[in-house]
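Visitor: The structure is given below, and queries will be raised subsequently.
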């Protein structure tokens with residue numbers, strides 16, 4: 001109940017601050033890719049245009065890269081921990097994954113900027129070299145640093161612990177009689193996993209992936225650390241230009257005037273509603289499939 005009250009207060013505050021901007025800009029706030037505040041010689045605002053279209057696209061691109069890369073690794077990790085790992089190895093790996101889930105995003109950002117970015121940039125160059133004929137992997141200039149691809153990989157690392165924990169919980173609930181029946185029919189452990197565990201836990205896996213998607217969409221500091229924030233729609237994920245809604249708020253808030261603060265609050269409201277819907281859907285899927293599979 002207290003969580004609902006807190007969420008309601010957050011939504012009320014963001015709505016109160018951002019409703020005027022949403023009323024003025026209407027749908028163009030979601031579709032336009034301009035963020036301009038024009039002032040006269042005295043510093044008074046003459047006109048303003050606010051639109052988060054480019055940042056919304058960047059939010060979804062980074063989140064989907066994280067899902068595509070992170071979810072398979074998380075599911076395989078959960079399967080290994082549930083059916084293969086034993087004893088101290090299992091306890092150690094579970095402790096490491098739980099510890100990763102508790103890391104602040106700033107640490108992930110520093111690690112990515114100092115350690116991971118060089119390797120990710122090399123991978124981006126390889127992908128561009130061999131798959132550059134695909135528009136998604138083409139680049140207008142050889143600038144691979146701080147790209148949406150690198151930001152998506154960092155987000156993938158951040159969501160792996162969450163998706164792994166949820167998937168492992170779902171796999172642990174696979175009925176023992178189904179597992180024993182598969183073994184009785186002569187199935188190997190791998191065949192049993194493919195025929196019994198994965199179909200049973202499919203809904204829980206999807207729910208965990210949706211929860212990871214919500215985390216990736218709302219991430220701020222780690223993305224801002226490794227992404228070159230440029231206010232334009234960039235579908236070429238290997239090129240070093242992009243952004244997301246959270247990084248826009250972080251970038252603009254410190255120097256924003258009153259009108260711009262209201263626009264940033266409106267952007268925060270949109271992001272809040274998106275992540276709330278994704279997380280609510282993930283909870284529905286986990287509660288529906290986590291206990292009874294399909």
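For all residues, glycine too, the Cβ spot is worked out from N, Cα and C.
For 56-282, the entry in TrEMBL reads domain 'ABC transmembrane type-1'. Residues or ranges marked as transmembrane segment in TrEMBL: 47-80, 92-118, 149-171, 192-213, 233-251, 263-282.
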Visitor: Could you tell me what the rest of the chain brings near the transmembrane segment (149-171), counting residues at least six beyond its ends with Cβ under 8 Å?
Guide: 61-67, 69-71, 73-75, 77-79, 81-83, 97-98, 100-101, 105, 108-109, 112, 116-117, 120-121, 124, 127, 197, 200-201, 204-205, 207-209, 211-213, 215-216, 219, 222-223, 226-227, 237-238, 242, 244, 286, 289-290
Visitor: Quick one: do the transmembrane segment (233-251) and the transmembrane segment (47-80) have at least 3 Cβ pairs under 8 Å, skipping pairs fewer than 6 apart in sequence?
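Guide: Checked: the transmembrane segment (233-251) vs the transmembrane segment (47-80), in contact.
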Visitor: Could you tell me what the rest of the chain brings near the transmembrane segment (263-282), counting residues at least six beyond its ends with Cβ under 8 Å?
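Guide: Same-chain contacts beyond the flanks: 7, 10-11, 14-15, 17-19, 21-22, 25, 29-30, 35, 48, 50, 52, 55-56, 59, 207-211, 213-214, 217-218, 245-246, 248-249, 252-253, 256.
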Visitor: Can you work out which residues elsewhere in the same chain, 6+ from the ends of the transmembrane segment (47-80), have a Cβ less than 8 Å from its Cβ atoms?
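Guide: Beyond its ends, the transmembrane segment (47-80) has Cβ neighbours at 21, 25, 28-38, 93, 97, 148-149, 151-153, 155-165, 167-168, 171, 193, 197, 205, 208-209, 212-213, 216-217, 223, 227, 231-235, 237, 242-248, 259-260, 263, 266-267, 270-271, 274.
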